[in-house]
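Chemist: Structure incoming, see below.
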C-alpha cells in the first residue's frame, strides 16, 4: 500500500511536490535540505548526510576539540613509536612483539577513520559527509574494529603456546604461521564489515539526512532507511553480538588454560611472575576493549537521547586507542628498555 511522503519522512513538509525537512534545534535548515534529491512523488533520496556530532554541547566544542586533538596525537605518537621500535630492535623480532606491532598499525588506521573527521566537524558548521564517504567510513571502522578483535585473539593464542607449550613454541608459532594469522585477522575482520555494511546500505535513505552521531554509526544510519529496518537491525546486531561474545569467550578460554599451567609452575623459580607479567598488558587491553565495545554493541536498540548515544561511543572510539599503547609499553619491561634506548632515558625512566 502506497504511503505519502508525510508518512514516510518525519519532520517533513510538502512544497511543490518536493520533500523538505523542517528545521531542528541542532542543524540549520539549509544543511538538511540541500542534499536531498527527488526520487518519486512519495520518496526523497539522500545523497549526503549531516553529522550532528557534538552540536548538542555548543559550549564544550572548543574544549572537546583540544582534548580530542591531544588524545589523537598521543595515540599516533604511541603507536608509531611501538612500530618503529619493534621494526628497528632485533631483540623484539619475536611473534609476541610482532603481533603488538600489527595491533598498533591496525589501531592507527582505526583512529584515522574516525577522529580527524570529528575534529574538523567540531570547528566547522557543515558537518557534511557524502553517501559514499559514509559507506567507506563505516566499512573501514567496522573492518578495523573487527581486525583488532581478531588480533587480540591471536595474541592470546600466542601467549598460550609460549606458556603451555614452550618446547614446541618455535615450531608452532613460526614466522610463516605469524603471517597467516595476521592476514587471516585482516581478512576475517573485513569480511564481517562487508556483510554488515552491505546489509545497512542495501536500501535507499529517505527519512532524513540527519545522523545523530559524530560518525556513520550503524544504528543511527540504519534508522534513516526508507524501508522497515527492524529485520536488518536484528541481523546486524546478531552479527556484532556473536562476533564480540565469541571473540571474548575464546580469549577467556585461552587464559583459563594459561592459568591452569601457571599454577603448576614452582613459585620459587620466579616463572609464575614472569608468565603473569607477559600476559598482564594484553589482558588489560582485552578487558578494556571488549568492555567498552559491549556497551555499544550488546545493548538493546537505543531508547536514550542522541547525546547519551554519542557519549557512550567515545570510550570505545577514542579512549581505548589512546590508552592501549601506554598499557603495552608501561607494563612491559622489554618494551620500556627498547623505548628508552630509542628515545632517551628521561621519557621512560
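For all residues, glycine too, the Cβ spot is worked out from N, Cα and C.
Remember, predicted model here, so these are calculated numbers, not experimental data.
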Chemist: For the feature transmembrane segment as recorded in TrEMBL, pick the matching range from 40-58, 97-115, 116-134.
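Modeler: Feature transmembrane segment in TrEMBL: residues 97-115.
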Chemist: Of 63-85, 201-223, which span is tagged transmembrane segment by TrEMBL?
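Modeler: Going through 63-85, 201-223 one by one, TrEMBL flags 63-85 as transmembrane segment.
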Chemist: Is it true that the transmembrane segment (135-157) and the transmembrane segment (310-330) have 3 or more Cβ pairs under 8 Å, skipping pairs fewer than 6 apart in sequence?
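Modeler: Between the transmembrane segment (135-157) and the transmembrane segment (310-330), contact is absent.
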Chemist: Which stretch, 97-115, 177-195, 238-263, 275-298, tops the Cβ pairs under 8 Å count with the transmembrane segment (63-85)?
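Modeler: Ranking 97-115, 177-195, 238-263, 275-298 by Cβ pairs under 8 Å to the transmembrane segment (63-85) puts 97-115 first.
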Chemist: Below 8 angstroms Cβ to Cβ, which residues of this chain, lying six or more residues outside the transmembrane segment (97-115), approach it?
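Modeler: Result: 68, 72, 75-76, 78-80, 82-83, 86-87, 137, 140-141, 144-145, 147-148, 151-152, 154-155, 158, 178, 182, 185-186, 215, 317-318, 321, 324-325, 328, 334-335.
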